[in-house]
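Swiss-Prot annotations:
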- 19-38: region 'Disordered' (REGION)
- 69-80: compositional bias 'Basic and acidic residues' (COMPBIAS)
- 69-245: region 'Disordered' (REGION)
- Ser82: phosphoserine (MOD_RES)
- 89-102: compositional bias 'Basic residues' (COMPBIAS)
- 103-119: compositional bias 'Low complexity' (COMPBIAS)
- 128-140: compositional bias 'Basic residues' (COMPBIAS)
- 165-176: compositional bias 'Basic and acidic residues' (COMPBIAS)
- Ser190: phosphoserine (MOD_RES)
- Ser191: phosphoserine (MOD_RES)
- Ser193: phosphoserine (MOD_RES)
- Ser195: phosphoserine (MOD_RES)
- 209-219: compositional bias 'Basic and acidic residues' (COMPBIAS)
- 220-237: compositional bias 'Basic residues' (COMPBIAS)
Amino acid sequence: MGKRDNRVAYMNPIAMARSRGPIQSSGPTIQDYLNRPRPTWEEVKEQLEKKKKGSKALAEFEEKMNENWKKELEKHREKLLSGNESSSKKRQKKKKEKKKSGRYSSSSSSSSDSSSSSSDSEDEDKKQTKRRKKKKSRCHKSPESSGSDSASDSKDGSKKKKKSKDVTEREKDTKGLSKKRKMYEDKPLSSESLSESDCGEVQAKRKKSGEERERTTDKAKKRRKHKKHSKKKKKKAASSSSDSP
């Protein structure tokens, strides 16, 4: 059995296109574009000059537009100038009105001040009359009420004096105690400065502390001995129990 032949013939595309011949194109070719009719230099100059001059209709239109624009500018300027003048006049009028109103307000304020001062004087007169009436009523009170008031006042004064005296005495006592404490703290406790009674008290305290220490040591020794004796008994009991079987 032989292998199948899968070879394909190679075809050159350029050669195939040449064999077909020229394509019939519908339209101008490149050669037609290159061979087009061209104007001479003189004709070009004439066209440029015409462009520079421009058309007469366009020139007339531009002139009319410029004239209209100038007229509008003049109108606008006139309006602005008239508006500025009117605004300046309005400002002057407002200033005059303010001055007039200020004068009227000053006169009204002066009148109001005078009225307020008169009302204040009336209020003061009323207050003075009320005070006089109160004083008269106090003077006309019964002498008994005045005596009771004076007695209560004297009692209150005596109580306050006693309290102040007690407070001052307490403060003095506290100050004296604090001074004594500071003196004792500052002075060193030497054998020469201490008195005989102080020495006796110190010795007694030392003896008591020594006796207490001895007692505590004796108790500790007894406890230790008791512990040792109990341990020995336990050991003997354990050894006897082990020997018996």
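Placement of Cβ uses the backbone N, Cα and C atoms for every residue, glycine included.
Note on the compositional bias 'Basic and acidic residues' (165-176): DSSP counts are 12 helix, 0 strand, 0 coil. For the compositional bias 'Basic residues' (128-140), residue counts in helix, strand and coil come to 12 helix, 0 strand, 1 coil, using DSSP.
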